[in-house]
Amino acid sequence: MTEISMLNDVQKIIVLDYGSQYNQLIARRIREFGVFSELKSHNITAQELRDINPIGIVLSGGPNSVYADDAFGIDPEIFELGIPILGICYGMQLITHTLGGKVVPAGQAGHREYGQSSLRLRSASALFAGTPDEQLVLMSHGDAVTEIPEGFHLVGDSNDCPYAAMENTKKRLYGIQFHPEVRHSVYGNDILKNFAISICGARGDWSMDNFIDMEIAKIRKTVGDRKVLLGLSGGVDSSVVGVLLQKAIGDQLTCIFVDHGLLRKNEGDQVMEMLGGRFGLNIIRVDASKRFLDLLAGVEDPEKKRKIIGNEFVYVFDDEASKLEGVDFLAQGTLYTDIIESGTETAQTIKSHHNVGGLPEDMQFELIEPLNTLFKDEVRALGTALGMPDEVVWRQPFPGPGLAIRIMGEITAEKLETVRESDAILREEIAKAGLDRDVWQYFTVNTGVRSVGVMGDGRTYDYTIAIRAITSIDGMTADFAQLPWEVLKKISVRIVNEVDHVNRIVYDITSKPPATVEWE
């Protein structure tokens with residue numbers, strides 16, 4: 001076994017996954033305190049946790065009821081390990097139910113709570129040190145604890161929740177009914193930090209330098225003297241993977257840059273110049289644009305697009321790998337956010353990702369995914385720690401399927417050109433305005449909608465381009481960027497004047513959720 005958590009000299013807090021779509025945020029928040037944290041299945045045993053040797057355990061929230069026939073449980077011996085445990089929402093209910101307390105099912109006694117609620121602290125607790133006696137928290141539960149297990153005492157309540165926080169300090173067990181990992185819990189970060197630092201005794205000394213050392217050791221142990229093939233997409237993720245792999249295994253790495261005809265303007269030449277020339281990666285450039293575009297002709301469904309691109313991407317790799325000797329591994333830039341949006345054992349699929357579930361079952365490679373425990377902002381920090389320049393590290397995120405998922409409906413050469421050119425204008429103007437670090441991600445979309453316009457003295461019937469610009473910290477949630485009107489106006493004027501077959505620009509003002517970042 002070669003997981004990071006096997007490296008016993010690194011303190012870590014393990015988050016057990018009970019299905020909340022935001023459970024990765026718990027690990028993300030803990031990492032902000034300089035403590036390594038990762039998710040594990042709720043099926044993990046007490047002995048497996050002993051082997052990992054964490055300094056703390058968090059039981060995440062989840063959509064289930066502890067009374068459901070298929071409810072996710074826990075190995076009860078975990079509570080006897082002597083390791084501090086924090087149960088969040090479902091996690092608190094699971095502690096209560098397992099240790100002999102009482103949880104009331106949804107619909108009884110009006111215990112449902114959704115949205116911000118006022119938490120009132122009733123007794124002092126190390127978990128809430130430095131926070132006010134009354135504070136806003138995000139509640140999202142139907143079931144509720146009405147009797148706490150023996151040895152526990154009440155810490156806090158709310159108007160509709162008689163036990164919103166409880167603890168057993170002797171056994172170092174803590175439960176909170178709200179979600180501290182989301183920003184709507186005003187002092188949530190303080191609570192998680194108290195758990196990690198004060199209760200678990202974390203040193204707070206984990207950093208990207210630690211990650212580099214751990215991941216290099218993991219890669220070398222996994223790969224040995226075998227060879228790795230990496231697909232470069234031109235985005236930040238695959239570029240960082242390439243530099244990390246080269247640092248770990250040197251010339252055992254061969255990179256294939258597949259030009260599928262769906263790249264941004266001048267992307268291919270920039271990738272070769274930067275990663276091939278400046279960083280010395282061994283890159284094979286493959287022009288497979290006709291191959292991809294022929295397969296995508298007439299395809300409108302976004303999931304079919306993703307699957308076609310994911311499958312064909314690996315088949316191109318097969319073709320190129322057959323020309324090489326002894327290639328056993330395919331490396332990908334899969335992130336934590338890719339994994340959760342593609343669905344896990346405990347969470348439903350939001351959409352498939354080209355890096356997760358979009359690969360053919362008969363693929364001849366083993367997978368290496370060095371970034372699959374990181375969020376996007378952490379990948380940028382990793383790139384900086386690896387010595388990569390800002391123009392690479394802060395490059396706009398770009399999905400593996402490329403512009404295919406920024407074109408609604410069928411992909412045509414005309415639509416591709418509208419997105420490619422409008423996106424270049426958008427990126428240029430955002431940079432000129434000095435907003436390229438403030439806006440987390442920005443791109444254009446061909447909506448597939450045509451509308452009537454007037455240009456010169458003639459009537460037009462051309463495409464509508466949508467601008468998507470968001471602010472975010474980790475990609476799990478996002479708000480639309482409130483760009484200055486003068487910047488939006490300049491972008492709009494330039495696009496309709498400089499890009500053929502476009503006569504209307506709209507601005508996407510939807511947050512995530514309910515929308516995802518990409519349109520498809």
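Keep in mind that glycine also has a Cβ here, set from the backbone N, Cα and C atoms.
As given in Swiss-Prot:
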- Cys89: active site, nucleophile (ACT_SITE)
- His179: active site (ACT_SITE)
- Glu181: active site (ACT_SITE)
- Ser233, Gly234, Gly235, Val236, Asp237, Ser238, Ser239: ATP binding site (BINDING)
- 12-205: domain 'Glutamine amidotransferase type-1' (DOMAIN)
- 206-395: domain 'GMPS ATP-PPase' (DOMAIN)
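It is 35 Å from the Cα atom of Val236 (ATP binding site) to that of Cys89 (active site, nucleophile).
Taking the centre of the Cβ atoms of Ser233, Gly234, Gly235, Val236, Asp237, Ser238, Ser239 as the ATP site, the nearby residues of that chain (Cβ within 8 Å, site residues left out) are Leu232, Val240, Val241, Gly333, Arg395, Phe398. Rounded to a whole number, the distance between the Cα atoms of Glu181 (active site) and Asp237 (ATP binding site) is 25 Å.
A Cα-Cα distance of 7 Å separates Cys89 (active site, nucleophile) from His179 (active site). Counted within 10 Å of its Cβ, the other Cβ atoms near His179 (active site) come to 24, all protein chains included. Non-local neighbourhood of Ser239 (ATP binding site): Leu232, Val271, Met274, Leu275, Gly383, Met388, Val392, Arg395, each in the same chain, at least six residues away, with C-beta under 8 Å from its C-beta. Sequence-distant neighbours of Gly235 (ATP binding site) (same chain, 6+ apart, CB under 8 A from its CB) are Gly333, Arg395, Gln396, Pro397, Phe398, Pro399, Gly400. Here the Cα atom of Ser238 (ATP binding site) is found 33 Å from that of His179 (active site). In three-state terms derived from DSSP, Ser238 (ATP binding site) belongs to a helical segment. Here the C-alpha separation of Glu181 (active site) and Ser233 (ATP binding site) works out to 32 Å.
Its own atom aside, the Cβ of Ser233 (ATP binding site) has 25 Cβ atoms within 10 angstroms in the protein chains shown.
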